[in-house]
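So that you can see what the record holds, here are the features copied from TrEMBL:
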- 21-30: compositional bias 'Low complexity' (COMPBIAS)
- 82-91: compositional bias 'Low complexity' (COMPBIAS)
- 139-567: domain 'Major facilitator superfamily (MFS) profile' (DOMAIN)
- 1-55: region 'Disordered' (REGION)
- 82-118: region 'Disordered' (REGION)
- 136-152: transmembrane segment (TRANSMEM)
- 177-197: transmembrane segment (TRANSMEM)
- 204-223: transmembrane segment (TRANSMEM)
- 243-259: transmembrane segment (TRANSMEM)
- 266-284: transmembrane segment (TRANSMEM)
- 296-316: transmembrane segment (TRANSMEM)
- 351-372: transmembrane segment (TRANSMEM)
- 401-422: transmembrane segment (TRANSMEM)
- 434-453: transmembrane segment (TRANSMEM)
- 459-489: transmembrane segment (TRANSMEM)
- 501-520: transmembrane segment (TRANSMEM)
- 540-563: transmembrane segment (TRANSMEM)
Amino acid sequence: MRWAPTRGEGWPQPGGGGGSDSPQPVPVSDLTGVPLVPPRGVSAGAGTHDRARVPSPVLCASGQAPLGVRAHFPRLGSLHPPFSSLLPSQADDTDDGPAPGTPGLPGSMGNPKSEDLEVPDREGLQRITGLSSGRSALIVAVLCYINLLNYMDRFTVAGVLPDIEQFFDIGDSSSGLIQTVFISSYMVLAPVFGYLGDRYNRKYLMCGGIAFWSLVTLGSSFIPRERFWLLLLTRGLVGVGEASYSTIAPTLIADLFVADQRSRMLSVFYFAIPVGSGLGYIAGSKVKDVAGDWHWALRVTPGLGVLAVLLLFLVVREPPRGAVERHSHSPPLSPTSWWEDLRALARNPSFILSSLGFTAVAFVTGSLALWAPAFLLRSRVVLGETPPCLPGDSCSSSDSLIFGLITCLTGVLGVGLGVEISRRLRRSNPRADPLVCAAGLLGSSPFLFLSLACARGSIVATYIFIFIGETLLSMNWAIVADILLYVVIPTRRSTAEAFQIVLSHLLGDAGSPYLIGLISDRLRQGWPPSFLSEFRALQFSLMLCAFMGALGGAAFLGAAIFIEGDRRRAQLHVQGLLREAGPADDRIVVPQRGRSTRVPVSSVLI
């Protein structure tokens, strides 16, 4: 228990009157800084014996004080809502800083007034992480290179998909199954690496996963035409490398930087997703043209993967988990059980709703990534601008090249635009992050629909609408990642990344390529065979993407309702001011026989 003066709320001191004009000592909780109203029968005098009889409440993870404490301290209620009655709101424009000796909570991307909070400077970060600013930036550069490589490999297959269909003599549904098998494997393995990433050395986990992925990708380029099932198997095994990296790399960045520095580094990291995807289309189409064989397109990324493993091993160092977000006097966070982690994440509405919104992004991007080049090729065939892809001939790769360039450009533009708009809006609206994500998804849906509707009349109009739609869609990447990092505590972030990957791929791009192909094949069954029927079937099936984008925008709007409270609870937990407990917990921590012991509140008050 500590005592602190407040203005106009003083209690009379023994032997003297107290008024609202003169500051008086008021009992303040050690944990929240909130003046407490004493229970009946407990004196507020200056004697230390009397003060010790007023217990210092320990807040529960639900945002509530224990039941017994709330019964005696009516002013100590729920943190959410109204959380702002206990701590300064991030949207408050007040000149009052933290009380002397009480450091502010560390900022994050989601803090609209992070300059009012205690954020480590460059020297402070170096002292905490043991890494210089240059070394930390180099680590992020290596992680960006590997992220670019991962997405480049993922979409190389889409760049040569017409050739793969012709080589193995498969239809649209089987072509969609290639991506579905890969995403399904990636989705299943993500929780495994998420659990390991929260508990073991992340650097070595990534090295092993990427080395395995490189070997399997190289092996997939030597499969004969009668072994299509073997291609599916190898694409599934490629998911090992992606799962080992995607669940862990963002948490390394979170442990190296904080506040606006973290935002900038995450935006750079997620630039690699659209740029790598575009390079996958470009590399696939160009390497195939140069070598005269699509198999060589799959042999580019394995060599680059060997370089990635060497860079990981030589450059990357493991920073302490969550250290940059703790005060110097705060105890280090300890991992909890995997089941307890999942329960805590399930009770985090901002995390759940933002993950559902990101699922819609994954559904749309997964569908477009595999089917857009094929759709554009069929559109040009119907318009008479290019010859059809016949058995024994090499399919035209110009659409894969153009779509890859569009993906690169819109990715850089969209990610940068989303981060900058969110940063500016956060100054006046603490809910800016999910609102910008919602605007991006809701805005992209009509443009994607128009791109499909115009393909029968003008390929130029189709490219223009795809450019606008993908730009708006790309605004989500870095913002969604940062939402996760500031509403989830450091010891659960890899698990949260894994859970988000499972959810977004299970309901998103794991099934969307196959679903689009299946709908296309079913529509073609009722139409006479022709190039026009192939085009119209794929056109109608891709229109499902516009509807899914609208649903994702609604999920982000829901996340905006809860984002402030969930962010503050995560900050309090990191500072040791919030403990894990159920809402009905009625026990507090008190000193007993030289050590801290949890006892019922009623026994202390009596």
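Note that Cβ sites are derived from N, Cα and C of the backbone, with glycine treated the same way.
Curation does not apply to TrEMBL; its annotations are automatic.
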Surrounding residues of the transmembrane segment (351-372) on its own chain - C-beta under 8 Å, 6+ positions past either end: 154-155, 158, 161, 175-176, 178-179, 183, 277, 345, 403, 434, 437-438, 441, 444, 448, 466, 470, 473, 476-477, 480, 483-484, 487-488, 496, 499-500, 503-505, 507-510, 512-513, 516-517, 538, 542, 544-545, 548-549, 551-553, 555-556, 558-559, 562, 566
Winner by Cβ pairs under 8 Å against the transmembrane segment (266-284), considering only 243-259, 296-316, 401-422, 434-453, 459-489: 401-422
The transmembrane segment (296-316) and the transmembrane segment (204-223) contact flag, 3+ Cβ pairs under 8 angstroms: yes
Average pLDDT across the domain 'Major facilitator superfamily (MFS) profile' (139-567), rounded to a whole number: 84
Most Cβ pairs under 8 Å with the transmembrane segment (459-489), selected from 204-223, 243-259, 401-422, 434-453: 434-453
Surrounding residues of the transmembrane segment (204-223) on its own chain - C-beta under 8 Å, 6+ positions past either end: 146, 153, 193, 196-197, 230-231, 234-235, 237-238, 240-245, 248-249, 295-296, 298-299, 301-302, 305-306, 308-309, 312-313, 316
